[in-house]
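Under the heading transmembrane segment, TrEMBL lists C:12-35, C:47-68, C:74-95, C:107-128, C:164-181, C:210-233, C:239-256, C:263-282, C:302-323.
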Amino acid sequence: MSLLNATQVEGGYGGMNILKGVDMAIDKEDIGVIVGPNGAGKSTMLKAIFGLVEVNGGDILLRDKSIKNSAPNKLVELGMGFIPQEKNIFPSMTVEENLEMGAYIKPHTTKTMLERIYSFFPPLLEKRKQPAGELSGGQRQMVAMGRALMTEPTLLLLDEPTAGLSPLYMQEIFDRIVEINKAGVGILMVEQNAKQALEIATKGFVLASGQNLYTDTGQNLLNDPEVAKSFLGG
Amino acid sequence: MLAKLTEKFPEGLPVREVIVAALVFVAVLLVFASQGSAYSVRMLVEASCYAIIALGLTIQWGYGGQFNAGVMGFVALGGFCAMLFSMPVNPAFWGTELASDLGRVFLWALVALAIVIGASQLHRLGVPKKLRTTLTIILALLSWLILKSMFAPVTSAIESQAGYIGGLGMPAWVGWLVGGLLAGMVGYFVGHVCLGLRSDYLAIATLGIAEIIKAILKNEDWLTRGTATVSPLPWPTPGPGELGFVMARSIYLVITAVMIVAIFYLLQKAYNAPWGRMIRSIRDNEISAQAMGKDINKRRLEVFVFGCVLIGIGGGALTTFNGIFSPDNYLPLNHTFLVLVMVILGGPGNNLGTILGALLVYIIWVMSEPLALFLMQGGADLMTNWLGWEAPDNLSSRALQARVFVIGLLIVLVLRYAPKGLMPEKIKHVT
Amino acid sequence: MNELVFFINNVVISGAVSGSIYAIGAIGVTLVFSIMRFAHFAHADMMTFGALMVFMFTALFPGAGAALGIPTPLLMLPIAMVITAFLAIGIDKTFYKPLREHGVKPIVIVIASLGVTLMLQGLIRLFAGTSSRSMYIEERKEIFRIDMPFDLATRPIVITEPQITLIIFTILAVIGLHLFLNRTRMGKAMRAMSDNPDLARVSGINTNKVVVVTWILAGSLAAMAGTFLSMDVSLTPDMSFFLLLPIFAAAIVGGVGHPYGAIAGGFLVGYAETLSVFNWSILLRRVHHWFPEWMEIPRDLALVGSEYKIVVPFFILVAVLVWRPTGIFKGKVI
């Protein structure tokens, strides 16, 4: 039984299908990375899984139960977390309030989870009374990840977590993602920095014009000369 | 036969247009049959003035996506100018010292304006900006107070000796045109402030300016006689005294009809011209229009001002026809929301739809007054007979309130169930 | 010193009263704006509606307050607040929500709210007529006259009971709102949704519930503001059009979506209004001997006549939109 199993997903905005039959399967111990050219439907696929884009065909199963077109707050209750690419914090609220909002559906665990998040992202502890909008880019990303982890999800979806970050922070974020995964959280993310992301990926999905082009382990994709030539910039 | 017709109308038969036009025609016939021709022609003239106003709003809302919640104010401006220009010259004002007194106050006002503007430019002489701003504000307040105290004795003298300054003795149509210009100028001011911001702000500001215009017209008695009202306003055509009601009103109707046709023709041209395409592209997709390097705010201002001009002209024609200028007669319900219903029901952005919508809605509006009263009376009788419940005495004013409710309901229902109106804007797809 | 008393009565107290009413109204407008992103024009009519409810219940049980020693309208206020809150939720469910879900532009919902304004006005006047009424049916409005401890001041400071209650309630409402927004889960969820609606949804916040709570707050606050205004002056069924502009001006001055800004904006607009219609020559006459002989002080030295009071909020609105569209407290950039 896979944690997440999406088969032949079709969907998009306003009746126009951007996804034309995408397959994706993720287990608890997986880090899945979706790569591909602009407009391939990478983010759309992530949003379709999280109920933010209408799914018109195929099916999406979470632990063998269909979650097709479920409302996002239902999916959070089922143990999924989603980190959007941009605008992924509440800028005028403090860091701590941001994290509390993550645990909105599980208020009784807030206290213990706050401690765990602070020990996982120590910089956030000292900034916890500051409005999140005043933090640096990397710290904002930590707030965003912390917020999503507050519900102790079993599957975390990340939309380009390293977009706009300096290489130093990028490595830091990837390290954190690996750590989160080791703690038993399945990861599915879209990445523009394909090479570095595939390094840590157990599963890689190359999408092009709304369809799977290649599906393999990250390492195999990196070594595949075809993939390297077309999608990883040689 | 049918094939021939479809050939003639490649985009499909104009079924909607024909149906709506037939509906309007039948309604007009019914009114003629039941109310007599003098009444019906009057209604038609008023409806045609409303159609001009509605065309102004359809430009703003339908073409430009800008919502003007203060149509009433621009209508009143048009009405004011129609009054000011068409009324005969008042010798009690112009022939006495009063005119020169008033002129002197206005000269002082110009001097004060020059001083304040000069003060606001002081930073060019090296005065610190903060000091300049404080100085400007203090000077503006002081000169405002001084001018006000100079103004008060003059205006009260005018009011007591001459009634009001009177008109300029020109044909009414000059007043309509100037009214349009004045409305356009006010529209420019409001639009200049609000159009770069979210559309909600424009609605709030226009709502406010309408109430302010009304307050000014109501309280500046030396200019408008205020609540004392000015009547009768001269018509640009022979009046009913010479020709009888039906004939005189019919001639007036010819004038408004010609105006509608001219405006309609111009609007159709503009709509299909590059200007119209640009306006619509801005409305439908601001970001991409911006990306194409179009000066959005300038285009929007053009649309808004143009709409205000038409509303002012329509308001002038309407007020002249009514023959009385009374600031209290301008009501948000009659002159803002009724026009709004005409536009959204007729089809925002569709000129023909707007005109037909204006006619239809106005007929229903006029006819609904006796109807509402009839229904209320019937209901009250029932209550009295069956339940022994005493009906309130002021039924007729309450019947009016029922119409307020219906207009509100109509707005909400149309927005929800027919957001494009009876005759949707035709968008030609370039293939 | 009588001049000072006059100033206190006509500016300090009356500015605080209208400021409080505008502030409470503007909080509602700003909350609705920050959650649903549209300017709610029917807000002023919800105020009238709430006041009318209080009036009806007071008319039904005119003696109820005397038994408890408080004015009857005040006793009926909580009931009216609940009813108005339900009305607000109902209006949203029937009229605004379908449009919102249809994905229309916010300005269309603004127009719909104008339609709702007319419906409410029609209903209110259908049942209550158009004449103004006193909220004190069997009771007398208590008026406090505070004598000044100076010999020079022969006139007392005058403040009425509803004015005192209004100011107390405003303070309580502000504290309550502050605690609600910063301490409770729902309040924080509201702030979150105002900050970033998409992320709020993604975080599992039930946005529909937040919307309902927003309407409860807006509706009950509107009922409160309308009732106090009617208690202070009288209940006028068509007061709403004159309230809309100052309330929106207050919300925009304070920065839309910024509840504390709305409070400050309310008082700013309230005081600007009273200061503009205040006749300054009364104060200047005291210091007349400072001026040169030839200078006369005109009898009327108000900035605008009271018939032009409505110009003041408009002027403030335009000034803010020109110089600082985000408001003095930097509200939402919209």
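Including glycine, each Cβ sits where the backbone N, Cα and C put it.
Source: prediction; values computed, not measured.
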* Structure fact -> Ranked by Cβ pairs within a distance under 8 Å of the transmembrane segment (C:263-282), the first of C:12-35, C:47-68, C:164-181, C:302-323 is C:12-35
* If we call contact 3 or more Cβ pairs under 8 Å (sequence gap 6 or more), are the transmembrane segment (C:107-128) and the transmembrane segment (C:47-68) touching? -> yes
* When counting Cβ pairs under 8 Å to the transmembrane segment (C:74-95), the leader among C:12-35, C:164-181, C:210-233, C:239-256, C:302-323 -> C:210-233
* To do: Using a Cβ distance cut-off of under 8 Å, indicate which of C:164-181, C:210-233, C:239-256, C:302-323 has the most pairs with the transmembrane segment (C:12-35).
  => C:210-233
* Asked: Which residues, given as numbers and ranges, are at least 6 beyond the ends of the transmembrane segment (C:239-256) yet have a Cβ under 8 Å from it?
  -> 18, 22-23, 25-26, 29-30, 33-34, 39, 41, 43-45, 47-48, 117, 121, 229, 262-266, 268-270, 273, 310, 313-314, 316-317, 320-321, 326-332, 334
* Asked: the transmembrane segment (C:164-181): which same-chain residues, six or more beyond its ends, come within Cβ distance under 8 Å?
  -> 16-17, 20-21, 23-24, 27, 71, 74, 144, 187-188, 190-191, 217, 221, 224, 228, 231-232, 259-260, 263
* **Tertiary contacts of the transmembrane segment (C:302-323), as residues 6+ beyond its ends and Cβ separation under 8 Å** => 242, 245-246, 248-250, 252-253, 268-269, 272-273, 275-280
